[in-house]
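Data block below; observations after.
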Amino acid sequence: AAVPAQLWGGRTRCAGRLELLFAGTWGSVCAQGWDAAAARVLCRQLGCGRPRLVPAPCSPAAAGASPAVLQRVQCTGQEPALEHCILQPGYPSSCPTDR
């Protein structure tokens with residue numbers, strides 16, 4: 001199933017805080033394994049070229065104001081979209097709670 005993704009709060013549609021639509025809810029990603037490979041897949045999915053900045057996945061900026069919907073992600077960097085990566089939904093215990 002497709003996992004819609006969007007970037008919020010940036011100056012362009014290719015910048016900002018990542019949110020994914022999981023089980024009908026938009027939420028942030030505070031995922032272990034979020035790395036340059038996952039960012040490459042996201043940018044490919046959004047048609048944004050190569051990623052220039054990969055935020056720390058569990059920083060307060062990455063967690064944002066919405067609840068986390070994804071606690072683990074594993075991409076090789078070759079996938080056409082995030083739904084082809086290994087995704088583990090849920091709220092990770094390592095997430096910052098400064099909401």
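Backbone N, Cα and C atoms are what each Cβ position is placed from, and that goes for glycine too.
Remember, TrEMBL labels are computer predictions, not curated facts.
Marked as disulfide bond by TrEMBL: CYS75-CYS85. For 5-99, the entry in TrEMBL reads domain 'SRCR'. The signal peptide annotation in TrEMBL covers 1-31.
Within 10 Å of the C-beta of CYS85 (disulfide bond) we count 20 further C-beta atoms, all protein chains included. Here the domain 'SRCR' (5-99) has a mean pLDDT of 81 out of 100.
With a 10 A radius on its CB, CYS75 (disulfide bond) counts 22 other CB atoms from all the protein chains. Shown for the domain 'SRCR' (5-99): DSSP residue counts in helix, strand and coil, namely 18 helix, 31 strand, 46 coil.
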